[in-house]
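Colleague: The following feature annotations were taken from TrEMBL:
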- Tyr15, Gly42, Tyr131, Asn176, Asn276, Arg372: substrate binding site (BINDING)
- Tyr72, Tyr131, Asn176, Tyr207, Ser235, Leu236, Ser237, Arg246, Asn276: pyridoxal 5'-phosphate binding site (BINDING)
- 35-389: domain 'Aminotransferase class I/classII large' (DOMAIN)
- Lys238: N6-(pyridoxal phosphate)lysine (MOD_RES)
Amino acid sequence: MLTPNMNYSHLKASYLFYNIAQKVKAYQAANPDAHILRLGIGDVSLPLCDAVIKGLHKAADDQANASTFNGYMPECGAPFLRKSIADYYRGRGVELGDDEVFVSSGASDELGDILDIFDSSNRSLIIEPAYPAYVDANIMAGREIVHLPSSRDNGFLPLPDEDISAELIYLCSPNNPTGAVFSKEQLKVWVDWANEHGSVILFDAAYEAFIEEEGMPHSIFEIEGARTCAIEICSLSKTAGFTGTRLGYTVIPKDLVRNGMNFNDMWVRNRTTKTNGVSYIIQRAACEVFTPEGQQQIHENINVYKNNARTLMKALDKLGIWYTGGKNAPYIWMECPNGMGSWEFFDKLLNEAQIVGTPGEGFGKCGEGYLRFSTFGSPEDTEKAAEKLLELLG
Ligand SMILES: Cc1ncc(COP(=O)(O)O)c(C=O)c1O
């Protein structure tokens, strides 16, 4: 008799965004003229930059001629894009081989798929509050999860200690939802710990392009020793507005070996079996992101979001409210005022200021008492929200 993957029965229903949508819908129905300021969304709002759009058009034309047409693309990524990405790393002083870069359709896909190359008995350590996909992908795969709560006391950037025991370690920096970023010194502690224990770090760098502070690490491979204990998963979704265009990349160093098995070789075997590569048109367009023109244009867009962050941070500073993030990330993680719970504060913001945030509790129990603001909205709405926050809480 067929048996479903019963691990799915252990998934908790995700009420977070559903509940938010329901509450917003009800408020809008009762207040049809109200303009709701949406600071909850994790999706970008600005269009693709010119360089990428030109790349898309040109690549579409290539597909119209037999002499430039491309059929199946190499499963691990087109050589031209693998080289562009490796060059991007080299430009920051990280030496990588082009064949250590794998092109993907996005970070979410990879964060779950990569579990294929680790034994199912391996436990996954997840720092909470966390991007919900880490937890769910591990539950679906029937893996044991070791939860590591973080708090204001450690700036939501916990370090390993004697009590921790896990084979896979998820690190997300800059972090979603907290916006906090590990320093090089802190990452070095994780890298040394992983090498000492034979563990592997899955480093989610989806927001690296938002780091503005000099000296903060954009990649785990800036840390000595990471080549023997880390895999990096990244995405153009937030960096270049590719949420609907889809392109990511994964770096697996050839030095990452356990029990005589080379994880780079294993991933080549996995990809050549389970995918037929990413579309030529999208890979060509993605290449434009890494050109000087593309870099300048994507950073113009990122700056719009960073200005939104500055606007919100200024208001929170004036109010004397504790928060993390904003400086090197598109998220601000604020403590709810007067000891309010996450949902209580969410309701207050919606009902009294028409602002929508994301209750921190939705990212794990230790997120209770916090709220996440996204800075991906429009500057006009963000400025209005900052004014209303000052009126409401000042
Ligand atoms: C931390 C983190 N990792 C990965 C992703 C997913 O990225 P992608 O759009 O490439 O699947 C997101 C998207 O919000 C994210 O916040």
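Here the Cβ of each residue, glycine as well, is placed from N, Cα and C on the backbone.
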Colleague: When DSSP is mapped onto helix/strand/coil, what comes out for Arg372 (substrate binding site)?
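Modeller: The residue in question, Arg372 (substrate binding site), is strand (DSSP, three-state).
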Colleague: Using Cα-Cα distances with a 10 Å cut-off, which of the recorded positions Tyr72, Ser235, Ser237, Lys238 are near Asn276 (substrate binding site)?
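Modeller: Close recorded positions: Tyr72.
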Colleague: Determine, to the nearest whole angstrom, how far the Cα atom of Tyr131 (substrate binding site) is from the Cα atom of Ser237 (pyridoxal 5'-phosphate binding site).
Modeller: 15
Colleague: Can you check how the pLDDT averages out over the domain 'Aminotransferase class I/classII large' (35-389)?
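Modeller: Computed over the domain 'Aminotransferase class I/classII large' (35-389), the mean pLDDT is 97 on the 0 to 100 scale.
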Colleague: Mind running the binding-site residues Asn176, Asn276, Arg372 against ligand 1 and keeping the ones whose CB falls under 6 Å of it?
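Modeller: Among Asn176, Asn276, Arg372, near ligand 1: Asn176.
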Colleague: Through the lens of DSSP with three states only, how would you label Asn276 (substrate binding site)?
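Modeller: Reduced to three states, the DSSP call for Asn276 (substrate binding site) is coil.
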Colleague: Are any of Tyr15, Gly42, Tyr72, Arg372 (the binding-site residues) within 10 Å of the residue listed as 'N6-(pyridoxal phosphate)lysine' when you go C-alpha to C-alpha, and if so which?
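Modeller: Hits: Gly42.
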Colleague: In terms of DSSP three-state secondary structure, what is the assignment for Ser235 (pyridoxal 5'-phosphate binding site)?
Modeller: strand
Colleague: Rounded to the nearest angstrom, how far is the Cα of Ser237 (pyridoxal 5'-phosphate binding site) from the Cα of Asn176 (substrate binding site)?
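Modeller: Cα-Cα, rounded: 14 Å.
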Colleague: Measure from the Cα of Ser237 (pyridoxal 5'-phosphate binding site) to the Cα of every one of the binding-site residues Tyr15, Gly42, Arg372, then give the nearest.
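Modeller: Minimum Cα distance from Ser237 (pyridoxal 5'-phosphate binding site) across Tyr15, Gly42, Arg372 lands on Gly42.
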Colleague: Cβ distance under 8 Å to Gly42 (substrate binding site), same chain, sequence separation 6 or more: which residues?
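Modeller: Correct list: Asn176, Ser374, Phe376.
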Colleague: Look up Tyr131 (substrate binding site) in the DSSP assignment and reduce it to helix, strand or coil.
Modeller: coil
Colleague: Tell me which residues of the chain lie with their Cβ under 8 angstroms from that of Tyr72 (pyridoxal 5'-phosphate binding site), as long as they are six or more apart in sequence?
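Modeller: Listed in sequence order: Asn276, Gly277.
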Colleague: Quiz question: given the binding-site residues Asn176, Ser235, Ser237, Asn276, which has the greatest number of C-beta atoms lying within 10 angstroms of its own C-beta?
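Modeller: When each Cβ's neighbours within 10 Å are tallied, Ser235 tops the list.
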